[in-house]
Amino acid sequence: MLTPLLGAFVADSFLGRYLTIIIATGLYILALGVMSISAAAYSYKSSDYLNTVENNKASSPPQFQVICFFFSLYLFALAQGGHKPCLQAFGADQFDEKNPKECKDKSSFFNWWSCFMNIGVIVSLYVLNYIQDNLSWSLGFGIPCIVMCLALIIFLLGTTTYRFRSESEGRSPFVRIGRVFLNAARNWRTTPAEIAKEEDSQGILPYQGSQQFKFLNKALVAPDGSVEDWKVSEISEIEEAKAVLRLVPIWTTCLGYAIIYSQSSTLFTKQGVTMDRHITSSLQIPAASFQSFVSVGVVVFIPIYDRVVVPIARSITGKPAGITMLQRIGTGITLSFLSMVIAASVERERLKIAVIYGLVDLPNATVPMSVWWLLPQYLLFGIADVFTLIGLQEFFYDQVPNELRSIGLALYLSIFGIGSFLSSFLISVVEKATSGPGQDGWFSDNLNRAHLDYFYWLLAGLSAVALAAYIYFAKSYIYNRRNSL
C-alpha cells in the first residue's frame, strides 16, 4: 500500500502516467509468468513430494521455487506501485473538466471503476480460487497472466484516442512546492506588513482561501531583500502548496476509517469460524468467503447510488455529483461507525449463546448461531466503501495540482496502508494490556473467552472521535476547484 507513493512520484516527475502504466503492466505479466512457471515446474516433482510425505519424512519446497516465489512477490509490489495510482488517474484524465457533461461523467467514472474492480475481486475469490484448489496452481496463475497480456494489448490499441495532459514547462511540481516551504521558512521573520506590501506590488487581490495558511505567503518576499526572481515563489506556486497542505487534516482523520476497514478480512473471519456455517446438512460455507459480501455490497449499491441517489440529490442541491466529495466521505465514515456497533452487538450475542450452551471452554465447538448474522456488518462495510472509498479516490485526484494527480491517488492508497499498520499496532497494545498470567485477553485464541465485542466498541469510539474531527476540518475546507463543490 506504500509503494504507490514511489510509483506515483516516478510517474509525475519523470515517466508520465502512460509509460508508467505500460511498465507496471509488464511487471505484472512477468510476476504472474514466473509464478506460473514455478508452479508448473514444481508439479512435475509433486509425486516425489507425496512419496516423501507418505514416508513421514520432512520436506521443504525446492530452492528454485522459493526464489521464484519471493521474486514474484517483489515484482507484484513494484507493479502495484505504478499500476494502481497511474491507471485510475490516467482514466480520469480522459474527461474534460471544462465540459459540464464530462465533469458529471468523471464522477460516475470513479463509481463504475470501483464497481468493476470489485467484480474482479468476486471472480478471483470464487473462480480462480476454485481453479487453484481443484485443478492446477499453474493454471490459476496462468489465466491472470493471459488476461493481463490481453489488457495491455487493448490499452495500447487505444493510444491514438487518449487525451494526454500537457505538462507545464519549467521546474518540477515537487521542486516548486518544496521551494515555497523553503522560502517561507527562510522568511520566518517577515512581518504581515511586508507581505501585504509585496501582494499590493504584484496586484494580488484578496480571494477565498487567501487568509488560510497565511504564513506560506512569506514565500512571495525575496530572502534577505534579494531581487533575484528565481528565489521568489509565485502566487500560483503558493496556492499549489496550500492545496497540498489542506489535504493533511482530511488524510489524518480518515485513518480511523482505514483501521476499521482492516477488520473485515481479519477479526470478522475469526468470528465466522466459530459459528454455524451450514447451508445444508452436508454443505457449509467457508468463513473467509464472507469477505466477498463486502464486494457484493459495493457491486449492488453502486448502480443504485449512481442512477438513483445522485440524480435525486442533484435535483435538490444543484451540484453535479449530488453531494460534495467531503459529504460523501463523511457519510461512509458514519456507516462504518454503525457497522462497528452492529459487529459489537452480534459478537456480544454470540458470547451469550456460548455461555448458555456451555461452550466457553470448548474453543473448537461450533456456537449454535448462524453465520448469516454477520452479513449485515459485511454489507454495511460495502455500502460505506461506496461513499468513503470512492469519495476519497475522487477527492485526492481532484484536489491536488494537475501534475500531481498520480501522487493524489497514491496518498489515498497510503491511508489504507498506514491504517493497516495502525490496526496491527492497536491490536498488539490491547492484547498486551488485557492479557496476563491466568487471564484471557480480548484476543484470546479461545474466542468464547475473548472479548472482540469490547474491541469493536473501542473501534466505534475511535471512529466517532475521528468523525467529529473530520467534520470539523471538512467544514472549513476550501475546495481547489469550483466544480468540486
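From the backbone N, Cα and C atoms, a Cβ is placed for every residue, glycine too.
Per TrEMBL, the range carrying the annotation transmembrane segment out of 237-258, 325-346 is 325-346. Touching of the transmembrane segment (378-397) and the transmembrane segment (325-346) is concluded from the presence of at least three CB pairs under 8 A, sequence neighbours closer than 6 excluded.
Only pairs six or more apart in sequence are counted, and the transmembrane segment (325-346) with the transmembrane segment (21-42) gives fewer than three Cβ pairs under 8 Å, not enough to call it a contact.
Remote same-chain residues near the transmembrane segment (109-131) are listed as 88, 91-92, 95, 139-140, 143-144, 289, 291-292, 295-296, 298-299, 302-303, 305-306, 385-386, 389-390, 393-394, 397 (criterion: CB distance under 8 Å, separation of at least six residues from the stretch ends).
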